[in-house]
Amino acid sequence: MTTSSQPHESPRMIRIFDTTLRDGEQSPGASMNLAEKLEVASLLDEMGVDIIEAGFPIASPGDFESVKKVAETIQRSTICGLARCSDKDIDAAAEAVKPAKQGRIHVFLATSAIHREFKLRMTPDEIVQRAIAGVKRARNLCDDIEFSPEDACRTEDDFLCRVVEAAIDAGATTINMPDTVGYTTPNEIFDRFSMVRNRVPNIDKAILSTHCHNDLGMAVANSMAAVAAGAGQIECTINGIGERAGNAALEEIVMAMKTRQDFFNCTTAIDTQRLVPASRLVSKTTGIQVQRNKAIVGRNAFAHESGIHQDGMLKERSTYEIMSPEDVGFSKTDLVLGKHSGRAALADRAKTLGFSLSPEQLVTVFEQFKILADKKKEIYDGDIIALVQQQISGSVEQEWALIDYTVTSGKNRTPVVEVTLKHGDDEKTQRVEQGDGPIDAAFWAVEKITGIEVVCKDFRVRSATLGRDAIGEVNLEVEYKGKTYRGIGVSTDSVESTILAMLNAINRIISEKRE
Ligand SMILES: CC(=O)SCCNC(=O)CCNC(=O)[C@H](O)C(C)(C)COP(=O)(O)OP(=O)(O)OC[C@H]1O[C@@H](n2cnc3c(N)ncnc32)[C@H](O)[C@@H]1OP(=O)(O)O
Ligand SMILES: CC(C)C(=O)C(=O)O
């Protein structure tokens, strides 16, 4: 397989035929009402889609109405309606697209042996006659006719060429060769399109189109291979929704051509900054969620969590990004802080949040960050603020440090806390205390071990971020010999936050005494 054009030629314009409102709507549960279809159609029109397949008018009165309404409303894109090779389908499609500035009827008839024999129960000759009759009828009602030999990618070469030639002679202006069941491969579809281009004598009178399904996850790759073999139109849907495993995803197709223009030498009229808004609108409208790691529009498509990647990104974005998030409609790259992140990303986030950490502070905050990251899936800005604030306010000598603690508590039990602290470099002291609650017991244990008894003047716990695994930040004020001292502690466990806040205040008292 080679690319469709030589690099020195100017890029070939590929038509984008969006079938979100027709094949996309065939995804179970994805039905859209008239208002929703109009909203999606308007966005597709604004984003530069060349042809909008708005529905299958014979399918229901509602489908007819929505194709008609889209045809009346949309001014720029061509509006297309689908029809079987039957008079009533074609007449309904013609009627529905009539109000459009540019209308198209899309007539289809299956050509593969399996479909001919078992579904349509027609001979090859009957298929050819039916296709000719259908295209002719449609062409008498509309100038722009697309014909699809359904299941083209499983159709015998000779018969496919025969049907395509007959459909063009009958008046088809676009020939779409669908991979209806997502069975083909990139090399195979390239060969099939090349074969049809080489063998069908009147092929230059029609635009070749590709319509790939994603049953084997190759819909986009197959579409691009068809383009490389000369297809001038791609049929696709927003977020790749569609029958079964879906269709080729519009956003992936468009960005493949934009990002690898050097390879494909093709371009489209799509305003790529509307890709994310379109993805969100279709997801909201159909209720089909976009997977996080979905190419181009997924939440993780421009998110980096690994320290090595984040460091590379901060030094030079192109190390790990082949497209810019702004180009597809995201506001920015997301450097997600988590257990795989490194110091570079942490320092960068702290700076964005207004903290300039010294190298020593960064070492300590990073240590605590890694401990927290082992406990929490994702670290939010609120967590970073709490960790940094604890470090800044806790930058007193660590006379007493927490080694371990356990809490026993229950509805009808007196809470008991066992605390183990380290004094200086090696001395470890343990104490078991009871209290009115675990926090009270922790206060007692710390006071007894350190020998510093304080009066608690203010005690506040707040959640630094949202979510059940949010870290709790304890801020307290204690009085010791007539003076007030502050302490701060953060942890996902509020008893630990309390002990840390107590130790922070007590270490201040000791350091002031020493001075
Ligand atoms: C590959 C694709 O995505 S094709 C589009 C698929 N989309 C849909 O089917 C959604 C909308 N469909 C519908 O609402 C209904 O199927 C309708 C209204 C079109 C037809 O409903 P019914 O008349 O009850 O037929 P039903 O759906 O049971 O069967 C389809 C009939 O169309 C025939 N048929 C299928 N494709 C074609 C075709 N391209 N040209 C002519 N006839 C066809 C079948 O052979 C079958 O005919 P039979 O009833 O004589 O055996
Ligand atoms: C109607 C045709 C184009 C289709 O949807 C298919 O073959 O998948």
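A Cβ is built for glycine as well, from the same backbone N, Cα and C atoms used for every other residue.
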* Asked: Among Asn140, Asn247, Asn265, Asn293, which is the one TrEMBL gives for the Mn(2+) site where Asp23, His211, His213 also bind?
  -> Asn247
* Looking at Cβ-Cβ distances, which residues of the chain lie under 8 angstroms from His213 (Mn(2+) binding site) while being 6 or more apart from it? -> Pro178, Asp179, Thr180, Val181, Gly182, Ala219, Gly242, Glu243, Arg244, Ala245, Gly246, Asn247
* What does DSSP call Asp23 (Mn(2+) binding site) in the simple three-state scheme? -> coil
* Asked: Relative to the Cβ of His211 (Mn(2+) binding site), which residues of the same chain, six or more apart in sequence, are found under 8 Å away?
  -> Phe17, Thr19, Asp23, Ser148, Asn176, Met177, Pro178, Asp179, Thr180, Glu235, Asn247, Ala248
* To do: Count, for each of the binding-site residues Asp23, Asn247, the other C-beta atoms lying within 10 angstroms of its own C-beta, and report the residue with the smallest count.
  => Asp23
* In the same chain, which residues outside the set Asp23, His211, His213, Asn247 have their CB within 8 A of the centroid of the CB atoms that define the Mn(2+) site? -> Thr19, Pro178, Thr180, Cys212, Asn214, Ala219, Glu235, Cys236, Thr237, Gly242, Glu243, Gly246, Ala248
